[in-house]
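Below is one structure, written out as structure tokens; the observations come after it.
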Amino acid sequence: MNSTSHDRLLIIDFGSQVTQLIARRLRELSVYCEIHPYQNVTMDFVRDFAPKAVIFSGGPDSVTRDGSPRAPQDIFDYGVPILGICYGQQVMMQQLGGKVEGGKISGGGGTAEFGRAFVTPEGTLPLLNGWFTEGDEQVWMSHGDHVSQIAPGFEVFGTSPNAPYAITADRARNFYAVQFHPEVHHTPNGAKLYENFVRLAGFSGDWTMGAYREQMIEQIRAQVGDKKVICGLSGGVDSSVAAILIHEAIGDQLTCVFVDHGLLRKDEATEVVSMFRDNYNIQLIHADESELFLGELDGQSDPETKRKIIGKLFIDVFQKHADTIDGAEFLAQGTLYPDVIESVSFSGGPSVTIKSHHNVGGLPEKMGLKLVEPLRELFKDEVRALGRELGLPTSFIGRHPFPGPGLAIRCPGEITRAKLDILREADAVYIDQIRKHGLYDEIWQAYVAILPVRTVGVMGDGRTYDYACALRAVTSVDGMTADYYPFTHEFLGETATRIINEVQGINRVTYDITSKPPGTIEWE
Ligand code: XMP
């Protein structure tokens, strides 16, 4: 498990919705950290992980409840600084001999508190360097219970009207506890607090992309030896960065398979092939399987059926081409850290499937391959930084996400080649407009969907009866929620005119102003 030689920080996750943000703040400080659910954190685990500091996250439970989550008691004797946040603060107090009480919802002095609050300083503490320079600090509180008595050895360094123990510390042992969430945006100076914490814990900030690249290259070489690796390329940022990194490590032992399902955007297949084959000299199988995919999709209009057909064919086709590579023992995947973090689930129940996702899950077992996942410690923006480090063009790194099933899910109802051709042209004009207006990087994802409806129009002196299309553009942080992008009417008008003039087959343009939820980003 101990895969890196960096200074390491352990985040014990008690189930807060925002634990990942703690990791984000720390990675921004060039500190390597990992999130692990409290159930997995035994003292053996801690010793093996060898953290230089530990953070206890927030969480939804109440420490007053029997059987509620705890940290291993001996962690307090392990000798490294600990920072407890919200529920983490309460765990710390309870385990070290203080008291926590269930919250009253109103009234002063230790009640439940949700939302913005202001903390007033008491005394000085290195953890708070750079805080309180302009008076009280705004923080974000979200707690039902509260600490009613701090543990022996702790002193108070900040109070808020409803949290007399907003900031406490045991200076001798380097234990710190805050009732609020410094990792969220609504605690504007929160990053400073993390910075002070890692400084006083002695982190050197050695987590850089240059160092990561070197370390991963060594690790890939050690893992793979002289064996062969197959990598599925989608043209997206993650699989591309993974492929280039692996190629740098093992050269021609890597073969990439690019499955072209005929559902890609205009010129996309050519761009991917020329970038990898010509620019990077990577061995690449361009599997043009569009006949097969479009044939199987013929006459299908149900979204889930379409997704399932594509997912299954993709695996079959990938396997067929991979089988032609003699002696491959490894499959490379662009898995990222958010996919790896095991979440603390309190509900226990499976969530409803909104859409079955197309991916190559299950392939490694089916093909008897071992996995190479050089990005599994990285967040998305770190993958982009690594891509820059590896010399990928900025325009490529900043590309909007593109779904595995491709244009199939942007063509509601039946898919035909004619519709796909129209869609490709319209999408190219739309993206060109967005780039020309300098909006591309402000938008998470933008695309055109061709609608299963034809409408009457008039062009010149003639009647037209062509397809309607919908433009979609959203802002988002992670694709889980999204807002529609507020284009100006001028932009929309200009874009509609260009699409109708330049794309034969479309005579009506609409703009989709649905957010997610209740909509989804893709139409199917
Ligand atoms: P939805 O439509 O569910 O999309 O709001 C959220 C994000 O996921 C992308 N997406 C997919 N990506 N395989 C993928 O690799 C899929 O099957 C798939 N379906 C949706 C979508 O483009 C958006 O970024």
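Including glycine, each Cβ sits where the backbone N, Cα and C put it.
Taken from TrEMBL as is:
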- CYS86: active site, nucleophile (ACT_SITE)
- HIS181: active site (ACT_SITE)
- GLU183: active site (ACT_SITE)
- SER234, GLY235, GLY236, VAL237, ASP238, SER239, SER240: ATP binding site (BINDING)
- 207-399: domain 'GMPS ATP-PPase' (DOMAIN)
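In this structure, the C-alpha atom of SER234 (ATP binding site) lies 34 angstrom from that of GLU183 (active site). Checking the recorded positions (CYS86, ASP238, SER239) against HIS181 (active site) with a 10 Å Cα-Cα cut-off leaves CYS86. For the recorded positions CYS86, VAL237, the greatest number of Cβ atoms within 10 Å around a candidate Cβ is found at CYS86. Shown in sequence order, LEU233, MET275, PHE276, GLY334, GLY387, LEU392, PHE396 are the residues of the chain, 6+ apart in sequence, with a C-beta less than 8 angstroms from the C-beta of SER240 (ATP binding site). Local packing around the recorded positions GLU183, ASP238 was summarised as the count of other Cβ atoms within 10 Å of each Cβ; on this measure the leading residue is GLU183. Taking the mean position of the Cβ atoms of SER234, GLY235, GLY236, VAL237, ASP238, SER239, SER240 as the ATP site, the remaining residues of that chain whose Cβ falls within 8 Å of it are LEU233, VAL241, ALA242, GLY334. For SER234 (ATP binding site), other Cβ atoms within 10 Å of its Cβ number 20.
A mean pLDDT of 89 is what the model gives for the domain 'GMPS ATP-PPase' (207-399).
Annotated pair GLU183 (active site) and the residue listed as 'active site, nucleophile', C-alpha to C-alpha distance, rounded: 11 Å.
Cα of CYS86 (active site, nucleophile) to Cα of SER239 (ATP binding site): a distance of 37 Å.
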